[in-house]
Amino acid sequence: MHGTSQSTEAKGLSRLAFGIGLSGGAGLAPFWPGTFGALVGLPLAYALQLLPVALVVAALAGLFAVGTWASARVARDRGEEDPQIVVIDETFGAAATVLALPLHPVWWLAGFVAFRFFDIVKPWPVNALQDGVKGGFGIMLDDAAAALQAIVLLWAAKFAIDALF
């Protein structure tokens, strides 16, 4: 009986991990699952932007931590290092990117596109992080780095635009 309850608990945790890791099912999209996962980050960011900055940072840190656990669990359950269906990393990266930008559709679109560019192309150090850091932490970390690159690029663009106009 005790073994059965552990098995039931393990199945429940796996289901929870799949729900989170696949960003509510976005990872099951028949094409571009990463892009669909990133799209999930936009309404999340829109809701979070109403909060004080400290709570936004705490929410993103919590999402990163939960995403790390879920990514590791799904990868283990599937026997894959970085399953394509795991898109919580893209959800986190897109949300983090746009939350660091002005609340305007043009900036958020630019943030979404820039994040996806850096996530797909994986210039250094994103590629080094993806190759060198394994497990759920590695799955999440390369997308955090891609988000940071997108944020730096777009803030540089904003400063240049503001200086010119």
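Cβ atoms are placed via backbone N, Cα and C, with glycine included.
The feature transmembrane segment is assigned by TrEMBL to 12-32 (among others). Beyond its flanks by at least six residues, the transmembrane segment (12-32) meets 39-40, 66-67, 69-71, 73-74, 77, 83-88, 90-91 of its own chain at Cβ-Cβ distances under 8 Å.
For 24-157, the entry in TrEMBL reads domain 'YutG/PgpA'. In terms of DSSP secondary structure, the domain 'YutG/PgpA' (24-157) contains 106 helix, 0 strand, 28 coil.
The transmembrane segment annotation in TrEMBL covers 44-70 (among others).
Residues 23, 26, 37-42, 44-45, 48-49, 56, 60, 63-64, 67, 140, 143-144, 146-147, 149-151, 153-155, 157-158 of the same chain lie 6 or more positions beyond the ends of the transmembrane segment (91-115) yet place their CB under 8 Å from a CB of it. Residues annotated as transmembrane segment in TrEMBL: 91-115 (among others).
Taken from TrEMBL, the feature transmembrane segment applies to 135-157 (among others).
Among residues of the same chain six or more beyond the transmembrane segment (44-70), those with a C-beta under 8 A of the stretch's C-beta atoms are 16-18, 20-21, 86, 88-89, 91-92, 94-96, 98-99, 103, 108, 135-137, 139-140, 144.
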